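As written in TrEMBL, here are the features:
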SIGNAL    1-24  signal peptide
DISULFID  Cys29-Cys182  disulfide bond
BINDING   His84, His86, Glu90, His133  Zn(2+) binding site
CARBOHYD  Asn122  N-linked glycosylation site
Amino acid sequence: MGAVSLSWQVLSFLFLLLLASSDAASSHCAYQGPIVRNISNAFQSNFGRGGLSHITIAGALSHGLKEVEVWLQTFSPGSRTPIHRHSCEEVFIILKGKGTLLLASSSFNHPGKPNEFPIYTNATFIVPVNDPHQIWNTSEDEDLQLLAIVSRPPAKIFIYDDWYMPHTAAKLKFPFDWDEDCYDQPKDEL
């Protein structure tokens, strides 16, 4: 009787393990460990934003990272990010295309007039914590593709409707689009 019970427990355990691993493999939110992956097969979405393609190459929720995330984002001609700021630093590397970085100082209650910087293939730039910014693909016929390296994930994002109107306060968007599917509880303010 004991051997049958033990065999049943082992089979039950293996079945549950198999079930859990198949659920994890099918979810882009599941931690998959430090393995070599082909980003061509990575989960990709536009999260309801026309002109955007987002892939989290290495992330907090999908890969268990605690201090950094790496994103591959592609913007079709004319598309852009919202005007926003966030509770993290960002480093960008432009892989292809050209566009414009709009960047304002975090020392104001509302963004105000941003500085404009041309961005282009092989350019890199840094966006400090809480500095409002926006990235535009200004090309009429070429995608803008970039790598974004983000500190302290998942970031709290504040979105503005307008650069110039002081009554348009920033609206908190947390978790952000690519975290929404995976993140089920708010992160403490840093």
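Numbering starts at 1 and runs along the chain as it is shown here.
A Cβ is built for glycine as well, from the same backbone N, Cα and C atoms used for every other residue.
All features noted in TrEMBL, drawn onto the structure.
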residue	record	Cβ contacts under 8 Å, 6 or more apart
His86	Zn(2+) binding site	Val129, Asn130, Ala155, Lys156, Ile157, Phe158
Glu90	Zn(2+) binding site	Ile126, Val127, Ala148, Ile149, Val150, Ser151
Asn122	N-linked glycosylation site	Ile93, Ile94
His133	Zn(2+) binding site	Thr81, Ile83, His84, Arg85, Leu101, Leu102, Leu103, Ala104, Pro114, Val127
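Excluding His84, His86, Glu90, His133, which define the Zn(2+) site, the same chain contributes Thr81, Arg85, Cys88, Val127, Asp131, Pro132, Ala155, Ile157 within 8 Å (Cβ to the Cβ centroid), listed in sequence order.
The number of other CB atoms found within 10 A of the CB of His84 (Zn(2+) binding site), across every protein chain shown, is 20.
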